[in-house]
Amino acid sequence: DDPVTNLNNAFEVAEKYLDIPKMLDAEDIVNTARPDEKAIMTYVSSFYHAFSGAQKAETAANRICKVLAVNQENEQLMEDYEKLASDLLEWIRRTIPWLENRAPEKTMVEMQQKLEDFRDYRRVHKPPKVQEKCQLEINFNTLQTKLRLSNRPAFMPSEGKMVSDVSNAWGSLEGAEKGYEEWLLNEIRRLERLDHLAEKFRQKAAIHEAWTEGKEAMLNQKDYETASLSEIKALLKKHEAFESDLAAHQDRVEQIAAIAQELNELDYYDSPSVNARCQKICDQWDVLGALTHNRRESLERTEKQLESIDELYLEYAKRAAPFNNWMEGAMEDLQDMFIVHNIEEIQGLITAHEQFKATLPEANKEREAIQAIQAEVQKIAQYNGIKLSGTNPYTSITPNSIDSKWDKVQKLVPQRDVALQEELGRQQSNDHLRRQFANQANMVGPWIQNKMEEIGRISIEMNGTLEDQLTHLRQYEQKIIEYKPNIEQLEGNHQLIQEALIFDNKYTAYTMEHLRVGWEQLLTTIARTINEIENQILTRDAKGISQEQLHEYRASFNHFDKDHSGALAAEEFKACLISLGYDVENDKQGDAEFARIMSGVDPNNTGAVTFQAFIDFMSRETTDTDTADQVIASFKILAGDK
């Protein structure tokens, strides 16, 4: 891109390094269309001669340099061999003592670390040395070949550094390595066995120690001194089970001792602690055996002593249970909230109570006999130094509870006497109220019944005129009203009976409810009967019915009133209509006619026809009715047909 600069640079280099003077100007060559060819050829010739001489010199120099380079390379190979051989032999010298060290370690961890170090030696440290040994042999062979090709004498390493010396040293290393590996594996197997045995010893010892924990305290306890017979027998069974368990653990103790012996034989590093622990276990085992024997003797001795006490306990239970039940039943009866309704019932309770009191002396003798049994138990226990548990295995009934209940029975008896006498007085008062009410009720009841019958007779009898009957009924009404104070007095007596909670009265068949209903019915009946007579009078006067006709209507009505209810049922009214000639037979037409008539006499569909409705019906059927046409005709007559 810049020819002027390039030419000037070439001219300067030629002048400075090739001794070719500058013969041309770069600007002239570049800016001239045809530069001076001679000058240029002269320049080229100078360059040719300069380069030709330089090539020969370079060839000679290269030959000398090559010889020097080969010599230098051989010298370097010799130095490298010497250094590599020295380093390798030094490494072998330092490594063989390490491999020949057979000092055993105490723990598996330390031996495993040695094995790991050996594996690192095999994996990390030895492979580079193998490579160095191989490289040493290669370098030696290469050096000898080069020296032979250069007609130079063979290389002779310094003393002790021959390839054979290195190979011999390497063989010693291999031998030490093999022995070291075998020793490591054997030692690891030995430590594995020791660790296994030690762990087995620890496990068995720990299990045994855990099993024996608390056993001495258990065997030394005096629980049998306060136990009952059943508890002693249970303790004996439990002790027998423990003895079986103890015998079963004998094998474990023997195994522990055998393992400790084997650890000693294998020279276990922690044998002193193993031996101490084993000795402690064996000593404790002997103690447990002695304690077990002593406890069995104590249990068997106590069992015999308690058997005699147990017989007394059983006798106590057999007699205390029924006596306790008797007292509980007596207390229940004495506290029973009795409910009586008459004197006979309370007198029956008083008689039963007197009979119960007669049995108390004999019951007290039984109580004293039961307490004597318990006293005998205490005497035997004190004599033999036995600490009783305080409870009878056959019953929960204690002497104190028997005395407590007996005292309660003694207190309840007079309380029951008082309660029965109070109830007797109350029943006597109730009986007086019953008699008082009954005397009045037995008079009021028949009086009401009698008046009801008399009113009924007046309403159906045909004595005298309707006015006479009405007068008679009003007199009866006045008598009934005057009798009301008797009813009020009876109500007062009934109130006293209710307050006394009296629910029955054998002295009368009448109840206040019955008498009250009868009284109200009597008042209603007299008022209704008076009203019926008044309505009959109005009907008679309005329709011009004679007294004889009313008597006939009454006679006919009474004839068909078969049940004397004061009203005609549907069938009774139908029979009356048939007797009067109405076509109300049991057919479709007759039923329709009867239904029409019934709708008139019984508009409320009560199913019965009263005497007043009967009179209305009969009067309509037998007398003329003032129709609208008849009234109009009457007015015309009075008006002179106007």
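The backbone N, Cα and C atoms fix where each Cβ goes, glycine too.
TrEMBL annotations: computationally assigned, not manually curated.
Marked as domain 'Calponin-homology (CH)' by TrEMBL: 1-52.
Through the fold, the coiled coil (67-94) approaches residues 129, 132-133, 135-136, 139-140, 142-143, 146-147, 150, 152, 155, 157-158, 160-161, 165-166, 169-170, 172-173 of its own chain, all at least 6 residues removed from its boundaries and within a Cβ separation under 8 Å. TrEMBL lists 67-94 (among others) with the feature coiled coil.
Summarising the annotation, TrEMBL assigns coiled coil to 232-266 (among others). Outside the coiled coil (232-266), and at least 6 residues removed from its termini, the chain residues within Cβ reach (under 8 Å) are 190, 193-194, 197-198, 200-201, 204-205, 207-208, 211, 223-224, 274-275, 277-278, 281-282, 285, 288-289, 292, 295-296, 299-300, 302-303, 306.
For the domain 'EF-hand' (548-583), the list of distant contacts is 456, 459-460, 462, 466, 536, 540, 589-590, 593-594, 597-598, 601, 607-611, 614-615, 618, 621-622: same-chain residues at least six beyond its ends, Cβ to Cβ under 8 Å. Residues or ranges marked as domain 'EF-hand' in TrEMBL: 548-583 (among others).
Remote same-chain partners of the domain 'EF-hand' (589-624), defined as residues 6 or more beyond its termini with a Cβ less than 8 Å from a stretch Cβ, comprise 532, 535-536, 539, 543-545, 549-550, 553-554, 556-557, 565-570, 573-574, 577, 580, 582-583, 630. What TrEMBL lists as domain 'EF-hand' is 589-624 (among others).
Sorting the domain 'EF-hand' (589-624) by DSSP state (H, G, I as helix; E, B as strand; all else coil) yields 25 helix, 3 strand, 8 coil.
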